[in-house]
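According to Swiss-Prot, the protein has these features:
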{"type": "BINDING", "residues": "Thr400, Phe479", "note": "L-phenylalanine binding site"}
{"type": "BINDING", "residues": "Glu481", "note": "Mg(2+) binding site"}
Amino acid sequence: MMPRMTGKADLNTLVHKLHPLEIKVLKNCAMDEILSTSLLISRLGFKEGHANQAFSWLRAKRIIEEHQREQMRSFELTPCGYAAASDGTAEERMLTFLSSPPSLTAIADAAEHLHPRPPLCNGLSLPELAHALTLAPKDVGSAFGILAQEGILRMDGEKRIHIVSPHVSDRMSLTRTLLQRAAARVASPSEASDTPPGTLFESELSDDERRVMERIAKKRGASDSLFKVSVRERVTFTFTPTARAVQEALHTAGLTGNEIGALTVECLKSGAWKTQHLRRYNVHIPPARIIPGRSNAYADFLEHIKDRLVALGFQEFDGPLVETDFWNADALFMPQFHPARDIHDVYYLKHPTHAPTIPEPFLSRVAATHERGADSGSLGWRYSFDRDFTRRLLLRSQGTALSARHLPTAHIPGKYFGIARCFRHDQVDATHLADFYQTEGIVLGTDVNVCTLLGMLKILATEIAGAQEVRYVGGYFPFTEPSIELHALHPALGWFELGGAGLLRPEVTDPLGVHVPVMAWGLGVDRMALLALGISDVRELFSPDIESVRLRV
């Protein structure tokens with residue numbers, strides 16, 4: 001806000017900083033006038049945006065102040081309204097057509113479009129009327145419903161339309177009046193108005209017209225209505241006591257608002273700069289803030305993980321978000337109807353509920369392993385495997401489902417990874433989300449062992465996530481043995497789990513045709529990002545605050 005002026009020096013400085021738009025307002029408006037956008041448009045030829053900008057600047061300098069603010073409700077003609085104003089509404093066209101029908105040939109052509117031999121004496125059906133009037137069937141049906149309610153039309157037992165009373169209802173008459181008044185403003189819009197052409201203000205309507213307008217105007221989805229409801233705010237201003245002194249100073253300085261604001265090639269060639277005043281510029285005003293484009297930090301981190309793992313010789317794999325219970329759990333030796341299944345509280349699909357099939361021979365092998373261990377050297381879980389249960393569809397709850405899907409086609413030796421979006425019914429907090437990313441990886445080979453796995457986990461935690469301290473904790477996962485939890489120290493959150501890892505059990509690998517050691521891990525990428533990006537709440541990764549992206553170094 002501008003400081004209050006204390007002398008002629010301040011006043012002289014102010015007037016030379018005024019924009020040409022502000023100067024024109026001060027030079028062409030009386031001190032006792034009520035200032036409005038429409039006034040500046042009509043008197044000064046301003047566009048609406050220029051008028052609003054001039055008011056904003058003058059108000060900031062305390063030269064004008066707000067006088068009145070009011071909500072103005074108006075009704076603007078839609079494209080549908082334009083057509084109705086010139087060609088008639090659907091009700092008008094139907095009533096005119098039925099009251100003074102065209103030649104029998106035209107009616108017969110309309111009827112022949114739908115029926116070979118229409119009984120013309122009983123009138124036309126709604127589809128025949130729609131064809132004859134070239135209107136959409138829904139518009140004809142809606143128009144008939146209104147006219148039938150008003151007792152003007154009726155439908156007989158053969159669904160043919162007849163006129164009961166050929167009079168025009170008060171509603172139709174008022175609708176025609178409103179359309180004609182609005183159309184007149186489309187043809188000759190007022191130059192002093194800052195509202196769109198074809199607009200009627202609620203304040204100028206009678207009570208009866210207002211009731212009709214409520215039926216034919218919509219605020220949203222107005223494409224099929226005659227009018228669109230618009231609510232605009234109208235603000236008027238008055239000059240402050242300061243304005244008179246500023247106006248006098250403008251006169252003394254000889255400023256007109258036509259000063260040159262930019263030295264163009266034409267201005268230099270013509271020599272106009274020699275005779276016209278140049279507008280003063282305040283070089284102390286800070287420049288406009290430049291906001292360069294920036295990529296999202298979390299998206300960059302996801303790409304960083306991929307780049308590092310590819311550089312280590314890994315191949316990326318992917319899979320569907322909607323998964324079957326088979327690949328999400330059964331193929332990982334997680335028993336059906338067992339507490340171990342509660343590790344992942346999943347989202348099941350409402351429709352469709354089941355996949356058509358599960359590929360063989362993997363279904364039979366996995367079922368046999370669950371029931372009796374098969375050739376894995378295990379006793380299995382000793383229950384009857386439910387082949388219908390395993391086809392249930394759900395949102396993938398763990399990235400390890402990708403590993404299970406790709407084990408049958410994996411090369412030996414081979415290294416694979418994926419960035420998987422997973423979904424669980426978790427309580428959202430600083431380290432948990434209901435949908436999150438995991439980085440999933442497997443390494444197959446005869447020389448794979450726990451030492452290999454620990455080394456890989458350290459690379460993931462320290463070199464990729466940027467953890468300063470890590471530790472390995474024994475854990476339990478139904479599909480690995482041994483099972484290891486990877487923990488990292490966060491500066492604000494303390495120690496927390498990054499994810500789990502281990503060597504896949506034979507009950508997982510054998511049914512899928514793999515007979516060499518396989519190490520696997522599934523780490524929470526969101527938690528890795530807490531360390532890498534220096535934040536303490538995973539919810540910040542998905543924040544709508546664009547300023548946090550703009551200010552990122």
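Any Cβ shown, glycine's included, is placed from N, Cα and C.
Structure coloured by features recorded in Swiss-Prot.
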| residue | record | CB count, 10 Å |
| --- | --- | --- |
| Thr400 | L-phenylalanine binding site | 32 |
| Phe479 | L-phenylalanine binding site | 24 |
| Glu481 | Mg(2+) binding site | 15 |
Handout entry: Nearest-integer angstrom distance between the alpha carbons (Cα) of Thr400 (L-phenylalanine binding site) and Glu481 (Mg(2+) binding site)
Key = 15
Practice task
Can you see whether DSSP assigns Thr400 (L-phenylalanine binding site) to helix, strand or coil?
Solution key: helix
Exercise for the section: Work out the three-state DSSP category of Phe479 (L-phenylalanine binding site). Expected result: coil
